[in-house]
Amino acid sequence: MPSIILPPKPTALQKPHINLAVVGHVDNGKSTLVGRLLYETGYVDEKGFKEIEEMAKKMGKEDFAFAWILDRFKEERERGVTIEATHVGFETNKLFITIIDLPGHRDFVKNMIVGASQADAALFVISARPGEFETAIGPQGQGREHLFLIRTLGIQQLVVAVNKMDVVNYDQKRYEQVKSEVSKLLKLLGYDPSKIHFVPVSAVKGDNVRTKSSNTPWYNGPTLLEVLDTFQPPPRPTDKPLRLPIQDVFSITGAGTVVVGRVETGVLKAGDRVVVVPPAKVGDVRSIETHHMKLEQAQPGDNVGVNVRGINKEDVKRGDVLGKVDNIPTVTEEIIARIVVLWHPTAIGPGYAPVMHIHTATVPVQITELISKLDPRTGQAVEQKPQFIKQGDVAIVKIKPLKPVVAEKFSDFPPLGRFALRDMGRTIAAGQILEVKPAQVQIK
């Protein structure tokens, strides 16, 4: 039986590739919109979808059918139907777009940081429904938090889908109100709202997703798929040394150890001699696969499964980084970073010990020193050695990981040089690494 979400078609793999993060507050319609995008682009199994639709009808929940595509897919994944299927994708005219970290995940914000460090662009879904919109961008709203995050993670390409237009009877006034409020927030974050497309959509009904809707005669901009089609794939840093943060490790009968992750920089080829750090285990690349197809070489942006000889599954874990033996990824003893405090109920001082999420790693850390506080607008220091920093502050700090972890300077390897600090179930700060003090690594 085919998976509910179809694998990439041969045409897709010929197209430039973009990783898209879908963000927004819970219940604003992210899953439904993703399901709708996959359906409209021919990436949903027709027979499977008919079953889902019938089931939704019987239960009187017709509006849930598109969201249930993702639920069905998650079930397939949990039953171990596919390994590579953590990523789903669809095609536009010019691009193949992979959706990273499907919405609705419990650790979505954390994964946004780890996952969005892999995103080239973001789709922000905001509901026009009264109450839902106000909650989403309010002080405690996830919508607001997600926008802060994608900004901190350096994602420049953004489209805003104003969803559930059917619920507000396609009211232009409500759309303009939502657009104006979100624009204010984007401006505050340093985006230029005039350069960002807002599209009034209904994920349930399909308005303005693939085709222009007659329900919104007052809107004459592009459809959502047309906007996505304008996104530019980022330059892929093939000339840098190899860095591949590990997302998952499997042991496959007859094949040995397979590490799964995304190549962030450099090029990986079959036959390469590689090292995984912090554990400092060395092995040889037997083969590389993406979406069930063998690759001779993997480049930045490729999500791959790498079959490695000489390394056991027990030796490596999510958060380790694969590199080549002639340029070993940096295991760090201490870092100096610029952070922005996104949320904290009181104040942060030296000795504060949150958890750092960096690329695919999660590690307890301690802020050992507050070096200076900066003016957020100019980046100039306004206070040396402040006693504390609070929400909204930008500061340069010294951080000590309490366990071995790979971290690089943001200027050398951006995806391994940006991180989030979490505590109390919330994202406290996001940052970029300015300096790294390397730890000694003995290759085994």
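Any Cβ shown, glycine's included, is placed from N, Cα and C.
Range annotated as region 'G1' by Swiss-Prot, chosen from 24-31, 208-215, 312-319: 24-31. Looking up the ranges 57-60, 101-104, 261-264, 373-376 in Swiss-Prot, the one annotated as region 'G3' turns out to be 101-104. As annotated in Swiss-Prot, region 'G2' covers the listed stretch 80-84 rather than the other ranges in 80-84, 85-89, 115-119, 440-444. In Swiss-Prot, the feature region 'G4' is placed on 163-166, out of the ranges 131-134, 163-166, 323-326. All protein chains shown were included, and the count of other CB atoms within 10 Å of the CB of GLY24 (GTP binding site) stands at 27. Of all Cβ atoms in the protein chains displayed, 28 besides its own lie within 10 Å of the Cβ of LYS30 (GTP binding site).
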